[in-house]
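The structure under discussion appears below in the form of structure tokens.
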């Protein structure tokens, strides 16, 4: 069973709370025999049982506020145990509140501040007074001492607590009254009414007419892009001439539609110190600068704010290498390309900026090319001198890009440029003059000489064709004597040559390539005809018909050494083939005459006998050729008495005929020509060396 009682909190110990025996329906005298015991669930002894009267009594004075605080209900729970038989009863005692506590403010004196420019209607919240009592004994209302500037307003919160506020009813003038002294009274609803007071001192403050000021309002800082997270970027220099809360500032980022708050992900702002620090890695290539707007708000009433603008410009670190982009390449390029011909278009990129992004392109100085800046970050590779495919058929061009950072970063790119041939080289003979020899009477088609020419060009520009030119020096076209193989330059005879007719030929040879236009050059081959012993000696004196003899008389008394006559002979051949020797054919008997081997003079060799018969001499004239050729003349020498003869008159030796003079002239011309050709060839060899 459960019993319920109530007792006011201010009752003295021994006060009766309830009649247990009656309410339990037991005899009072049986309580002792049944060993009735009272157990408190809280462990504190607030009640006792009068065993003689069967009454529940207070054991100590109760304080509801101490037991239950601000709880709207306050109950104490007991357990009543009886034996024989064992029974358990629960007893609940409600402690009733009495108005034993007066309202009390947390502070006996409240100091408030209000700016002198506060508008009427401005409210100054006050602290709520405390009253431990509950219900009607709690705070009922507040009262404010009379004032011409202030009035009291009471608002009720959702939990029923009344909130006092001082309301400005009339504008303040700090210069007239700087401090207002008021009394705030809190009244409870008890009977009798209890109250508590607090002094309210209102200081009229100078108006918060000085907002926070940034110095400078717009500032700029430079920061390297690779600084570690947490690096101090800047500490804002902000001042507020006001004091107290008006000068106590709080910092925050200002974000607007025109200024997206991307920087808030990278920077942090301390609300009290105004220190701006990095909170994420910065990358110049992502953004080179950040505009940070900061709002600085004081704690004045009304609060005033200032604005700082900080521009953070990142200093680029050379962390990107240049990149070379070959936009266009004209390959092959003709070797006769004019200086300034564009070969390639090259672009360069560098993610860095400033000096770190300033890229210089370089190529080897020995190359016949140069780089020309077309416009920013674009270059043209142009020819810077003549190209010669014969010296270089192509170029490996290495372009090196170097930035101006510190340390520098560089990259390079290599590409091959082919040089195309043009017909800019004429064929060139190994020698402009050559000498060849050919035997006279050689069969037609005999190889005389092979000229050789070269052309450093390639393809059709280097395909050579040989031909013989007509130089007009011979009466008969040179092509009637010689021909040339147009492919290999071998010169052949067309017909047999006669040394006695033509001793030397100047054969002009032209070589021409197959380019367009074709280029050519010439050389002269001096072909010397080598003499063969194909002409027998011819006796000029004495001139006798073939098969006849020459008769010559001499004095019968001619002494030895007497010049009888002189055989004069010539040979159309030359050199050794024209060297003549004279001799007498052997006879059965010795002849008193002899012939001079070289001069052909016939002299008396021994004294003649009187009345000697005529002598028949056969004089043979033989050349020095191989095989040797000869001719002979028959002389009949008759000794006569009294034959005295002036040899100079009788010996009718013919003078040199025009034919002999011409022959000598030809020999002289041949020797001079050979000497000149030799000198020219020697000079050419010296010049080439």
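Using the three backbone atoms N, Cα and C, a Cβ is placed for every residue, glycine included.
Between the listed ranges 638-662, 663-687, TrEMBL ties the annotation transmembrane segment to 663-687. Confidence over the domain 'Cadherin' (6-105), given as mean pLDDT on the 0 to 100 scale, stands at 81. Here the transmembrane segment (663-687) has Cβ contacts under 8 Å with residues 431-433, 435, 503-504, 526, 528, 570, 572, 574 of the same chain, all six or more residues outside its ends.
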